[in-house]
Amino acid sequence: MIVVKIGGSVVCKDASKVIQNLPKYADRAVVIHGGGCLVNELLKRMGIEPKFLTHPGGLVSRYTDWETLKVFVMAMGWINKYIVASLHGLGVQALGLTGADLGVVVAKRKERVLVIDERGRQRVVDGGYVGKIAEIRVDKLTPPPLKVLAPVAVSEKGELLNIDGDQLAFDVAREAKAERLILLSDVEGLILGGKVVPRLTPEEAEKLVKSEEVRGGMKRKLLMASEAAKLGIEVVISSGLVDSPIDAALNGAGTHIIKNI
């Protein structure tokens, strides 16, 4: 099995090339998507300014209060069904899910989180409606049909929760014992010194996470990739905006994080 994560940057720019490439892998893939840019757009239309939290180590997450949660679920629902409908137009039977459907992804709500405030001090704040994944029913994700999964989980109390899409992709890949995890974004891979880094070991990825060379979402991707590679899963970070992006990733494009290079 392969796990394909369609990043929000791809979803909001042009996901058509990924979608057109998916029929080739419909019998052995699970698709997970993001869509934070649409969440931001809808929030601003409603007069709500998106809020983000910076955590120790430089990782950034969305602060999700009740109103933001409603917009988050709405945006992810639209993206999910857009992908499913597009696949239907290509003759692929696909099933769009959130983690709440069939209890596919159960998470525990983070009631408190540690953040770095604007003065650089650590403090504990309310966690909002953000979850830490506790269980994935991977048997419900096995094709056929091709499953398209949104990063929305359910708690044991029946709460809808925002979960990180990259973390979800990693957890699905781990539980499914996937051969490869493909993270598609709007960049060609990890770029250092103006060039794409073609190969990394898990240890090299970990060092970069701790350095100042890598920032934002790439830091989280490398952290997840390092953990996955240690389990024997090959991780590819590459562009979802090129022709046949899944083919390209499997044929050497992007940055490959592999246990033994």
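The backbone N, Cα and C atoms fix where each Cβ goes, glycine too.
The substrate binding site annotation in Swiss-Prot covers G35, G36, R62, N162 and rests on sequence analysis. The Cβ of R62 (substrate binding site) lies under 8 Å from the Cβ of G36, V39, P50, K51, F52, L53, T68, F72, V130, N162, each on the same chain and at least six residues away in sequence.
Residues annotated as site 'Transition state stabilizer' in Swiss-Prot: K5 (among others). In this structure, K5 (site 'Transition state stabilizer') is part of a beta strand by DSSP. Within 10 Å of the Cβ of K5 (site 'Transition state stabilizer') there are 28 other Cβ atoms, across all protein chains.
The Cβ neighbour count for K221 (site 'Transition state stabilizer'), using a 10 Å radius over every protein chain in view, is 25. Positions annotated as site 'Transition state stabilizer' by Swiss-Prot: K221 (among others).
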* **Secondary structure at R62 (substrate binding site), reduced by DSSP to three states** => strand
* Which has the fewest other Cβ atoms within 10 Å: G35, G36, the binding-site residues listed? -> G36
* What is the separation, in Å, between the Cα atoms of K221 (site 'Transition state stabilizer') and K5 (site 'Transition state stabilizer')? -> 11
* Structure fact -> K5 (site 'Transition state stabilizer') sits from G35 (substrate binding site) (Cα to Cα, rounded, in Å) at a distance of 11
